[in-house]
Amino acid sequence: METLTAGKAHTANAPGTPRKKKRSFWSDLIRQRYLYLMSIPFVIWLFIFNYLPIWGWTMAFQNYKPAKSFGDQEWVGFDQFNRLFHDDQFYLVLRNTLAMSGMGLIAGFIFPILFAVLLNEVKSMPFKRITQTISYLPHFVSWVVVAGIVTSMLSLDGIVNQLLMWLHLADEPIQFMAKGHWFWGIVTSSDIWKETGWNAIIYLAAITGIDKELYEAAKVDGAGRFRQMWNITLPGIRSTIMVLFIMSIGHLLSIGYEKQMLLGNNLVTDYSQVLDLYALNYGIKIAHFSYGTAISMFNSVISVLLLFTANGLFKKFAKESIM
Amino acid sequence: MSSKAFNLTKGERTFNIINYAVLTIIVAVTLYPFLNVLAISLNDSTDTVRGGIYLWPREFTLKNYETIFGYTTLLQGFKISILRTVVGTLLGLLSASMLAFTLSRPDFRSRKFISVFLALTMYFSGGMVPVFILMRDLHLLGTFGVYVLPGIVSAFNVFVIRSFIDGLPYALQESAKLDGANDFQIYYKVILPLCKPVLATIALFLAVGQWNSWFDTYLYNGNKPSLTTLQYELMKILDSTQQGSAMTNANDLANQMAQVSPESIKMAITIVVTVPILVVYPFLQRYFVGGMTLGAVKA
């Protein structure tokens, strides 16, 4: 007991001379050596793999040549960014990124919430449990597999086209994967298929926290199931929805590249290319490292700005929700 | 409860019917692709070309599976995938649990600094190109290390475990301390055994992440057939329009295979790649649902 709380007591008693403070640091270091041994190696690890790449941003202001040492690199100021902001392709890529992340953001909210609310209305436990277990399944499958499945389902003789023909919604099979204007929808739908069940977990947990008596009272007042969903369940998880929504605004630009890369093909690049793929194609494939870094840096900086905005919004919201 | 179930109003009953129908459709849409892939993988590959395989194979055969287990690149990929899953999961568990333990100790002097240092990594990243250059400078290109080393520490996992440890009674640690245990022994003998549920969740997340990743193989090890992974091989085979990695030479074996692989073979590989995870996750469901909620509340 004494040794555990000693650290606090020490700092509290010794706000005095810096020498005293220093000594208590070293004595803490020795006393808590196991805690340091269990954490410092990982801190160094984080520094190498997560912080050092930030140093790599210097490349964006150079004309980086891999063979040269850091001191010998040619510094070009904002030339790379100048080139980037004058590239028509960049705006196309930015449009695609924002479009797909915006669609993903909205769909990623509506569908899991709907699914959670509907599932919550199910009274049969076995049905509920089986439905939920199955709904997680696609989350655990890689994008490689999902892209393969989507491609085969949407192929000319795939099930989707067959259904459309059978329902007379289409006269001839639609070439989904070959037409650019389908691409954003395909990516979003694949995302819905893969993640709806998984993302519903949080909402289901939030719904469990709603007071059951509210439903009883509503029933007495003659509220039907829809009224209960609309007036009790949804308001009950409102704060969860807001928190998650605000947090995901911060990730608008970091939507990844896996699905776009796996589902895209040469025919739809105008719609499938996103910032990360653009950085990959320029920065690594044809070794324009500095230009690629400028793209990556743009992406990271905007993401952080978005996150701060989202965080500010979140704080404001948190304050309001308390009042 | 039971009396209420009997006098459902007409509206209630309609609602129930529609609700069950909608959920059943969702389940069907989720399951159908998997069953379809399974059926095609069990169907004779020349017969598959005729189309019309839905939920059941028309000419049942296990030959597709026999064929793919003859592909040496796939077997190699299988080995590497298993290896990276095991090593990556163990290292990830070790780092996350240790860091979580130290950060949960109110008396740990550097706790604040490390927490912030760790949390910051959730908000920014250097981006693809600087990370690539770093891997090159560290001489990790074309090595197994590139699969497991960069992701050893994950802030999210640390915070999930930490909030679990915060929920344990602190008196346990204090009494162990009184019994003369040092901090490492407390971690190893008191905390770890109690953390089993949350560790199971994190292990699942880590294992799924490792098993499913293909992009690092593509980016860093595309020209190293000895370090290929199952997902990467599947990617090359499924995606015959794309000419493989930029770093591989155009006429490597997998690309040739991609052009000749019939649908049934592709689907058999898909099953082999998918099944290991599908066998595990239902048993861990109880844990990861708790873990997800814990993480979301804290994050």
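Note that Cβ sites are derived from N, Cα and C of the backbone, with glycine treated the same way.
Annotation comment: TrEMBL describes A:1-21 as region 'Disordered'.
Taken from TrEMBL, the feature transmembrane segment covers A:34-54 (among others).
As annotated by TrEMBL, domain 'ABC transmembrane type-1' applies to A:94-310.
Annotation comment: TrEMBL describes A:98-119 (among others) as transmembrane segment. Long-range contacts of the transmembrane segment (A:98-119) within the same chain: residues 128, 131-132, 135, 184-185, 187-188, 191-192, 195-200, 203-204, 207, 229, 233-234, 237, 241, 244-245, 248-249, 251-253, 255, 260, 274, each at least 6 residues beyond the stretch ends and with a Cβ under 8 Å from a Cβ of the stretch.
What TrEMBL lists as transmembrane segment is A:236-257 (among others). Within its own chain, the transmembrane segment (A:236-257) is flanked in space by residues 97-98, 100-102, 104-105, 108-109, 113, 116, 202-203, 206-207, 209-210, 214, 274-277, 280, 299, 302-303, 306-307, 309-311, 313-314, 317, 321, which lie at least six positions past its ends and keep a Cβ under 8 Å from the stretch.
Beyond the transmembrane segment (A:289-314), the same-chain residues lying 6 or more positions past its ends with a Cβ under 8 Å from any Cβ of the stretch are 56-57, 59-64, 66, 76, 80-81, 83-84, 90, 243, 246-247, 249-254, 275-276, 278-280, 282-283. Residues or ranges marked as transmembrane segment by TrEMBL: A:289-314 (among others).
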